[in-house]
Every structure is written in C-alpha cells, then in structure tokens.
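Enquirer: Just passing along the structure, written as structure tokens.
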Amino acid sequence: MAKNDPRFPQAAAASPGRRFRFIPKLGALALAQVFSPLAMAEGDDWNLARVRANETFHLGKTGAGVLVGVVDDGIFADDPAFAGRIDPRSAGFDDTDNARFQAQAATDSHGSMVAGIIAGSGRNGDVRGVAPDARLLVARYDDGSGDGEDSSSRATRHAVDAGARIINQSFGPPPYPRLRDDDGELNSEHAVLGQHIIEFDSRRNTLQKYDAEAVSYAASKDVLVVVAAGNEFGEQPVASLNPSGNGMLPLITPENTRRGLYRFVDASAPDHDADDPETYTYIDPDDARVSGLDYSPLKSSVIAVVATDRDNNITRYSNRCGDAWQWCIAAPGGDQDAEDEGGGSAGNSYRVIGDGGERARRVAGTSGAAPHVAGAAAIVRGAFPFLTAAQTQETLLTTANDTGRLSDRRTYGRGLLDVERASRGPGAFGAEGFGRFFDVDTQGHDGVFSNDIKGPGGLVKRGAGTLELSGANTFNGDTIVAGGTLKVTGSTAASKLNVRPGATLTGSGTVGATAADGIVVPGGAGGRVLTVAGDFTLGPQGVIRSTLAGDGTLDRLAVVGSASLNGGTLQVNGVNSSLLGRQFTLIDTGQGASGNFDRVQGDAAPLFSSISTSVQDRRLTVSVGRNPGGFGAVAANANQRAAGKAADTLRAGNPVFERLFNATDADTARRTLAPLAGDIHPSVNGMLAAQQAQTRAILLDRAAPPRAGAADANGGAGAWGEYLNQRGNLAGDGNAAGLRRGGSGLIFGADTAVSPATRLGGALSFGNASVNTRGTGAGQRAGIGGASVSAYGSTEAGAANLRYGATLGMHDVKTRRDTGFGRANAKYRTGAAQVFGVAGLPYAIGDAVVEPYAGLAYDHARSGSFKESGAGAANLRGSRAAQGNLSSTLGVRAHTAWDLGKDGKLGVHGQAGWQHAYGNVTPATRMRLGDSAAFTTLGLPRSRDTLLVNAGATWHYTRDGSASLGYGGAFGDRGTDHSVRLNLGWRF
C-alpha cells in the first residue's frame, strides 16, 4: 500500500492515472472484496494481534490526546471511524489551490486506509486502529501533475506547525526504472540495477522526490516521522535491500556516497527519463553538489517500516531494512498468496477502509505497515508525554520482537513491532545505534517503565516528576538521578546509581551500588525495604528520609555490601507517641556500617521528639524519645509553660498529649497550649475582688455628711436606691488574655442617726456582669450574677469626718472556653468581702465645701472548686482560689449647691483620688488538665495604681427628696472602668 505518483510513488502504477500501488502487478486487486464491518470473519484483524495492540487497548492505553499527522491523499471525513477526532486545522496542499483535506474521489481511499489503521475508532465492531483515541491532523498533498514534492513538503510542515507529534508518510519514489509506465504498460527499458537511484535536481540544488528539508524541520520540532519503506522488491530486488524515500534519508552521508551505496543522477539533464537508464547522467560522488550531503542526524527522528505477512515473514514485495536497520522496524502489511496472483487470497490481508468508505480485506503494502508504527508511537507519546521524538523512536525500536527469524537485522531491522511492550517504556538502554544514556526529563509528569530493560547503557533521570522502574532490569550502565524522583520497585542491581543533590531515589526494589548526595527514601511505604546490591555511600549533602508505619516498622535500607555515612541528614517521618522508647533498624548491611549523620530530624514531631542514631556492628539503628524540654519548651508565656508541663504528665494516647506531640512547629504548639491554661478562672476571681470598689464608692458616698443643698438636719432616717451601669477593660499582660467586662446592678439602703455624731445604715445589692477575653487567649467567656449585703456608717470626730463600712457577697459564675477540643463549661460560686474606712477634713469656702481625705480598704474574693465539662481531655479541674489586697486612697472631694427657689436646690459634686494596691495583685488558680499533674494559671493582675474620678449633680426637689446622676471613672496602669450612677433618696 504505497502512495504512487511520478514524483512520490512507492511502486509502479496499478492503473492509468496515478493511483495507489500495494504489491507489484496486483495493485488492481488491492481493495477488492467489500463487506459490512459487522459481518467480519474471525481473524480479519490479525494485524492488531500480531503487534499486540489488543493487549494495549485492554490496558486503557489508546493514544488519547495525541495528535498524529497523516500526510496522504485525504480521507473520507464523514466516515464514522473518524468521528470527533479530525483536527480542525486539517488542510489540503495541491497545485490547484484546493485547500480541502477530504479525499477528492471515492477511489481516493489510501489516506482513509492509513488513518483507519492509525486511529480507527473500532466502535460497534468497526475497523479499530492501533491508537483508537488519537486525534488526526490530515494534510492532503497532490499526487497529480505539478510540483508534488513541494506539496508533500508543505503538507508535512503544516502538520508540524499544527502540533502533530507523529507524522505518517505512506508514500515514496518509485523503483526507477519502473516495470510499468503510467498507463500500466510494460516498460521496455526496465532493468534491474545494482544500486539505488536518487534523482538530484541541479537547478534547485536539492534531492528530487524526497522531503529532506521538511523531515529535517519536523526533527527540529521534536516530531517523529514514520515512513513506509517501499514495495519495490519485485521490481528492483537489489536497490530495495534498503528502504526508499524519506526512510532512506539518514543513509545519505558523505561516506555512503563515496562507497556507492546509492547513485545520484542529474534529473535536470537534457533528455533525462527516469524510466530509461540509458538517459541517466550520473553525478560523481566527489561532485560538490552531492559530496557533502549528510542527513544522518535524522536517524533518531525517522522510522522506516517494512511489511510482514500473517506469519510474520517479510512479504514478497517489501523493501528490506538493510543498512537502515538501526531505524527500521517491521509491521503487518499483508500479502497475497503466491499461487493465486490472479485472484489473490483474503487470508493474508486484514480489514481496512476501502473505496468510498467501504470496508475491504484485500490489502498489501508497506503503506499499511507504517501506520501501525505511527499508532504505536501515539500510544507511547500518550503514555509518556515527556519522551522526545528520539526517545519515542528508541522505545519503539528497543521493544520490537527480535526472536527467531525476526532477528535478521538486514531484513526486519529491530524486529516486529510490539505495541504492548512499547507502551511500557524502553526495552534496552545503550543498544547498538543509540546513545550510552537514555537521558529523560519527565517535565513534571509521572511515568512507569515496566519492561525488563537490558543493554550496556544507563539512565539519566531529570526534571520534576516521578519515573518508576518496575521491571527486572539488567542494563549495566550507570543510573544518574539528576532531578525529580526515581522510584525503583523492580531491580537495577547491575547498574551503579548516583543520586545528585536535590534529586530523590525511592522504592522497595533493588538497586546497584549507590552514592547519594540527594534524597534517599527507602521503601516508599511504611515498613518496606530498598535493597542495595553493593555498597552504599551517603555524602555530606545527602538525606535519608524514612517513614515509621502505624505498626511500628521503619522503612529501611538493606545493603549487601558496606554502608558509609559521611554526614548528611536523617529525616524520620511518622513519629508518634506510641513509638517512644523504641529502637528500629534503618540500615542493615552485609559488611558493616561506618560514620553517622550530621543532623537528625523528624517531620512529624520535630519539637517534642528526640531521634537518635547509633551504629551497632552491621546495623545503624534509630531510637525515638522525648525532647527533654517538654511541651513547655515552646511556650510564649508562663501560663502556656505551666500547661505544657502539665501536659507532659499525660499518657500517650491522650488527645491533648497527641496533638501537642504531633505539632510540627512552635506556632501550632502554642496555639494548642494557649486555651489549655484557663486563665479566665483566676482573672474572674481577681476582677470580683477589685470590682468591690464600686460598691465601696457608693456606700462611702452615702455615708458622707449631707452635701450643700441637703436638709440641714443630721437626725432622722433616710432610704435610697441606686442603679449602676459599668463598662471596662483590662489589658492583657502577655500571659493572661485581656478582659472586656460590662455589668449593671441595683443597690438599696437605709440609714439613721444613732447619736448626734453617728449615722449607721445597711444596704442590699443585686447585679450581673459579663466578661469576654480578647487578644491572645480569646474565646473565653464568663457570666456572673450575685448579691451582697453591706453595713456602713459615719462619725463626726471633731473637725474630721470618719466613714466606714463592710460588704459580704456571693456570686454564681458560669464560664465557657473554646479549647480546640470542644467547648469547656463550668459553674461555681465565688464569695467576696471587703472592709473599708475613710477620714476627711472638710473646709468651707464660701458656699462650697472642699474635703481632703485618706482611706484604707481590704477586698477579698474566694472561688470554689470546679470541674469543667464538654471539652473531653481539655477539661480543667480547679481548686479553691483566693485573692485579697490592701489598698490606700488619697484624694479630695468638693461640693456646692444653688437655690432654685420653688424648684428646690441643685448641688454638684466632684472627686479625684489616687489609689494604690499593695501585695500580690496577680490572681492565681491551681488546676489540673484531666489527670495531669497540678499546675498554676495566673490571671490578669489588677492595676497597681489608679486615678479615681467622679462627678455628679443632685437635685433636691423637696426638703426630703433627692435625685442624683453621676459618672465615675477609674484609670489604672492595667485598664479602665467607666460607670454611670442614678440615685434616688428620701429622708424621714
């Protein structure tokens, strides 16, 4: 099946009007016997079985996404075999400017036949190609009169530019001189020549009927060109010992020109007739026009394909591989039985797309052999998108079946195409005709070479991505891992291996003697072994990364020879608390281990685990222990440190212990520790003690002598009520979280004179408050509700005014904490008490009174024990805690009033003072984290020094009734408070 025109035929014309030629003298029978694709006899697709394409198809390797260029006479675009897979950039290139890629006549079936073998869909039992999911870029070239060479070259270049990764060329020049002319008549000048004839166009200084420059262009763009070898053996048995056409291009070298492997004839000479040897003007091999021609670089970008029959024998018509064996391969072309040349036999042919799109089974030719290889190339480039065209060629050629008679290189080249084996990667490294190394850049892709790779060469792995070698490989050249990951699950025992910096070796197979300055990851899964069939050397930049499995087994190296560690780094992954105190073998050798690592790390618990190594005779072992600093070593403050030390006492398996132990960085550990301390509890206790100052201020204000504007009498009784609304905050101290608090309350009281100089009274108060943490430690809340009873009084002692009182209260506290393990809730009671006294010396200045004063107070709060719920292992159990402080106040108060006539009197008052707290102002609570040892959490300290201010106005609307509104503020070194007070009073 070879394309035939006077410039590009593979064989003599089968009939007048340049059509296709499949075998000598029998071309007219080529597409006989048309039948339905659904009624095929068994074995009609034997061609796919011979190249093991069916096995590849069942493995799901179908060439999906790979674009194959078909340079031919067009195809039947509406044929269902091609549905949805013809690239829209398909185009025509002919001398009539017809840009259509479709076949121009019903008999133009050659391109459809070729495309069907490459990528027929196979749906509903139809013709299936080798790569049924490949896409097709059809570039139709002209096979009529005119400059056909330029047409096929333009078509080839277009396929390259459109992105085809493989191009099939099932065409080539005829076997000059031809046996028959264009009209099918016998050529009386035909002669069997002893050499291959190549026409050279001296006017254009180029080969004629070859696409040398277009094929070179394809090679420069990493495109593999697959070429039919020719059907000339019956007409030119000597010349056809090598491929013809573009498959022969790599043979054109200065050396082969000098030794006469072929002869150049001047096609521009007067009276030149390619079919008449008597008209040939031979060009001297030393002629400058041809002596320097060298297309040998194309031998890694071209595959020439010869044809075999159903029994894997070379067909009678096919050219041989000959001197082109290095880039030549065999594939099914079919044949007709020698004893029935008149009618032929379908048994030696296979199913294809015939004239008008009908399915035919009477075909023969290298035109059908080549697309098998093109389809296989699509399978390879689809399975391994990172392979170059040259590596794709090497893969196809080194996996060919070269057993038995197929080992005859000059006939079959590398052997018979084996699609299934090629789909699993190369079959040999460093095979004759190829480079020493299979140097592959995986470019971020992953791939598996699963063949048993042989040969004297080696492998270089570059680029991101993982390349796996899973076969029982015997190649004995070096293996170099220069980038990405090489995974060995089979064997490369005969190959010395070098892992360069930044690259990775992994797997559970067997490698040869290994030197590593990169990363070695034995096993690849917990408890698996990477065997080194030789010595192992780790360089200073090298890293061994091993994983501990859940069952406690460690990925390890089994070294047949000796192991030398010249520093480097050990990284142990999968460390967990269940492995504490255990020892594991990392490297087991047959001849001893020496040296050690410079650095030992663990990615799963680098903060809190301690990994150590030791060499013991023939083993290097790894031991897992605790970091002596404990969880508190990364703490940012005292509370985190205390909680960390408590967590140290928890057992392995405790969720808190596990989360901390498995923290991979200090920030993560600190985020876990922060909510464990529970600083809301001591902070609330300290706040309740300090906040009694508000009640104290109210009682002292009530106990003061009557202000200007009040009733003059100091006798009788009085009753009053006051509403208080308060807001404030305490700043965090870097240890406990800051607080934002708010609350309100009511206090009712009554007092009476018990002597001319003394008044005594009592009060009852009710209130509630809410507290929220902010900043570091946010997510803690408390609700507080309570009541208190108070007693207060005043005494005039000469010029001095004495005021005093005491309070006793009880509060219900409800807390909620977000712990990271759930929400912890607690309920408990807190008692609060205070005693206080103030002495003042009032001075009258006109209608105003100014009173300097000094006071002392002692406040105390005591919280009950508590037990949180809701957060599992993060629940706290707290002991009783107390907080008390003595404080002094120095200040001055003043008041005055104006008579409003019948509307009563209006008084205003103000006060400023400095309060200083003594002793330990930081509250603390002793707690346990589940079953941990006890630890102490510190709350927010109260302000040591505070500026107290208040101001207000009182309206005495009758002689005995009053209403007042006031503001109070406290501005301390730790925080601020603001309150608004509304008071109603009545004297009897």
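Cβ from N, Cα, C; glycine included.
A TrEMBL annotation is a machine prediction, not a hand-curated record.
Found this in TrEMBL, in case it helps:
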| type | residues | note |
| --- | --- | --- |
| SIGNAL | 1-41 | signal peptide |
| ACT_SITE | Asp72 | active site, charge relay system |
| ACT_SITE | His110 | active site, charge relay system |
| ACT_SITE | Ser367 | active site, charge relay system |
| DOMAIN | 712-988 | domain 'Autotransporter' |
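If you look at the structure here, what lies around each of the features I listed?
Expert: The DSSP secondary structure for Asp72 (active site, charge relay system) is strand.
Its own atom aside, the Cβ of His110 (active site, charge relay system) has 33 Cβ atoms within 10 angstroms in the protein chains shown. In the three-state DSSP reading, His110 (active site, charge relay system) counts as helix.
The Cβ neighbour count for Ser367 (active site, charge relay system), using a 10 Å radius over every protein chain in view, is 36.
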Enquirer: Just to confirm my parser: what is the rounded mean pLDDT across the domain 'Autotransporter' (712-988)?
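Expert: Reported value for the domain 'Autotransporter' (712-988) is a mean pLDDT of 92.
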Enquirer: Report, as a single number, how many Cβ atoms besides its own are within 10 Å of the Cβ of Asp72 (active site, charge relay system).
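Expert: Other Cβ atoms within 10 Å of Asp72 (active site, charge relay system): 30.
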